[in-house]
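As written in TrEMBL, here are the features:
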SIGNAL    1-21  signal peptide
TRANSMEM  272-296  transmembrane segment
TRANSMEM  338-364  transmembrane segment
TRANSMEM  370-390  transmembrane segment
TRANSMEM  411-431  transmembrane segment
TRANSMEM  437-460  transmembrane segment
TRANSMEM  489-520  transmembrane segment
TRANSMEM  526-554  transmembrane segment
TRANSMEM  566-585  transmembrane segment
TRANSMEM  597-625  transmembrane segment
Amino acid sequence: MAKGLWIYVCFMSLIIQIANCFYLPGVAPEDFHKGDPLRVKVNKLSSTKTQLPYSYYSLPYCQPDHIIDSAENLGEVLRGDRIENSPYMFKMREPQMCNVVCRLILNAKTAKEFKEKIEDEYRVNMILDNLPLVVPLRRPDQESSLVYLHGFLVGLKGQYAGNKDEKHFIHNHLTFVVKYHRDPVTEFSRIVGFEVKPFSVKHEYEGEWDENTTRLTTCDPHAKKIISGTEPPQEVEDKKEIIFTYDVEFQESDVKWASRWDSYLLMADDQIHWFSIINSLMIVLFLSGMVAMIMLRTLYRDISKYNQLETQEEAQEETGWKLVHGDVFRPPSNSDLLCVYVGTGVQFFGMVLVTMMFAALGFLSPSNRGGLMTAMLLLWALMGLCGGYSSARLYKLFKGTEWKKITLKTAFMFPSIVFAIFFVLNALIWGQRSSGAVPFGTMFALVFLWFGISVPLVFLGGQIGFKKPEIEDPVKTSKIPRQIPEQAWYMNSVFAILIGGILPFGAVFIELFFILTSIWLHQFYYIFGFLFIVFLILLVTCAEITIVLCYFQLCSEDYMWWWRSYLTSGSSALYLFLYATFYFFTKLEITKPVSGVLYFGYMLLLSYGFFVVTGTIGFYACFWFTRLIYSSVKVD
């Protein structure tokens with residue numbers, strides 16, 4: 001007992017180490033001397049309430065002399081990132097106090113723009129040395145634990161003492177904290193942290209405003225007067241004057257450059273929560289193993305019994321899955337569509353598997369913004385070869401002859417549906433003038449990936465697959481279809497399909513919560529090792545639940561398993577979408593109709609992709625299972 005417990009603890013520890021994974025830094029480190037210039041870049045304005053990103057300069061913030069756009073990769077553009085230079089200039093290890101950036105007089109239009117962004121809780125995102133700007137917050141339940149939030153709020157809503165009217169206040173003073181690690185030998189410094197404390201301060205000064213000579217009385221570097229947070233806040237109203245200022249502090253850190261992302265990516269949950277998640281996944285895995293063992297024992301007994309039936313009288317009395325051997329490999333209705341969906345599922349499965357393997361091995365660094373999405377799109381195009389091959393092989397099994405037609409459908413059906421939904425959603429984002437709208441150049445790049453890479457590879461795979469010898473069925477198919485007896489209510493196809501999707505969804509729904517939180521609440525997520533383990537458990541669960549239900553279906557002399565095997569595990573996508581709906585109403589604060597349409601549109605696409613992947617896993621598991629059992633019995 002003690003030995004078994006020790007093995008279990010060791011196994012759980014290994015799982016946690018794999019789950020936490022690691023990452024490669026992604027970019028070469030940059031060394032700075034004391035006094036070297038540090039250039040802060042600005043990124044999009046983002047909000048969890050609207051899910052519509054905007055470029056930083058869509059608000060009348062202070063601007064440099066010339067705005068320069070940084071080159072974004074495909075994934076960054078699709079995420080809505082718009083990286084530009086800023087007027088914030090630091091010097092390495094040289095603190096600054098109360099630097100004035102600019103002075104702004106609001107008018108009715110600019111005041112309204114600021115108020116709208118404050119109302120929608122927009123956050124300002126900045127970048128220094130490829131590190132995102134974060135606001136550190138202490139967890140109320142753990143004083144020693146910090147949570148990092150992306151960017152700082154544009155402003156806050158509040159009330160003056162004794163006044164019930166709600167006002168809007170802007171964060172116009174920023175106290176930056178740059179953390180660095182210094183090499184004691186070379187004296188070079190590397191940036192390992194970029195934090196900010198935002199304040200709303202109604203700056204005051206004496207006399208008329210002059211950019212070069214005016215000194216603020218609210219904060220003054222000469223008098224060593226700093227912002228403490230007790231000053232009157234800066235209200236946002238028409239004709240109000242706003243002065244934007246900032247401080248810079250430099251803090252030496254023991255964190256090395258290669259580990260600078262660790263604090264950002266550290267999960268905020270307790271270790272015991274990790275154990276509860278892994279335990280639930282282990283339970284699913286062990287249950288699946290038990291089901292598989294039961295199935296193997298039952299099948300072994302069935303096969304032994306069938307092979308011992310020697311007389312004609314005994315054979316006539318046989319029942320169960322052997323009776324339908326003459327019909328079990330009869331091509332299903334809409335077999336062309338099944339071939340297309342299987343090929344699409346193989347293409348999608350290959351993309352997900354390779355992406356997760358690269359991410360778990362640390363090749364998709366968090367410092368490479370948009371790298372994950374770019375990698376997935378490229379892999380989807382390249383996996384067209386596998387998709388075309390799979391659909392053509394299955395099509396030939398169904399005695400099809402027009403492989404070009406089936407390949408064409410495989411190359412265009414799934415991408416056309418996804419592209420049509422994406423185009424409508426993109427049009428809605430364009431209507432809101434958001435930076436999340438995909439520009440024409442990027443749209444052209446996506447179309448090129450589809451038509452220039454994916455489609456030719458699908459055709460090449462289809463040609464290779466169709467030239468391969470036809471897969472031979474283990475038993476001959478009879479000319480006259482056998483009549484299917486009336487089924488019990490629990491063997492009804494709709495009921496069985498819906499039941500089959502529960503277990504695969506149960507294997508992933510805990511991890512799904514973290515993924516949805518990462519996407520829609522803009523939190524860091526980088527535990528791809530753990531996600532990869534969950535994906536493997538999903539694969540096993542889909543395969544085994546489909547095999548079990550397929551076995552029961554064949555035992556009740558219903559041989560129409562082709563489509564049902566695909567839909568049984570694929571129905572888990574329905575539960576995924578229902579959970580996404582539950583998450584929308586319980587965790588998100590989205591109020592705008594356009595934002596709601598975007599959420600459900602993107603979750604529909606995610607569920608559709610989940611459907612083709614899980615459906616294909618279930619189909620191939622059942623395909624292998626039926627060929628295995630019917631090749632194991634003697635049939636006259």
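Including glycine, each Cβ sits where the backbone N, Cα and C put it.
Note that TrEMBL annotation is computational and uncurated.
Keep in mind that what you see is a predicted model, and the values were worked out from it rather than measured.
Between the transmembrane segment (437-460) and the listed ranges 338-364, 370-390, 489-520, 566-585, 597-625, the one holding the most Cβ pairs under 8 Å is 370-390. Contact check: the transmembrane segment (489-520) against the transmembrane segment (338-364) gives fewer than three Cβ pairs closer than 8 Å, residues 6 or more apart, which falls short of the contact criterion. Annotation: stretch 370-390 has the most Cβ pairs under 8 Å to the transmembrane segment (338-364), among 370-390, 526-554, 566-585, 597-625. For the transmembrane segment (370-390), the list of distant contacts is 26, 72-79, 81, 342-344, 346-348, 350-352, 354-355, 358-359, 364, 407, 410-411, 446, 449-450, 453-465: same-chain residues at least six beyond its ends, Cβ to Cβ under 8 Å.
Proximity of distant same-chain residues to the transmembrane segment (566-585), defined by a Cβ-Cβ separation under 8 Å and at least 6 residues beyond the stretch ends, is recorded for 338, 341-342, 496-498, 500-502, 504-505, 509, 512-513, 516, 520, 542-543, 545-546, 549-550, 596, 599-600, 603-604, 606-608, 610-612, 614-619, 621.
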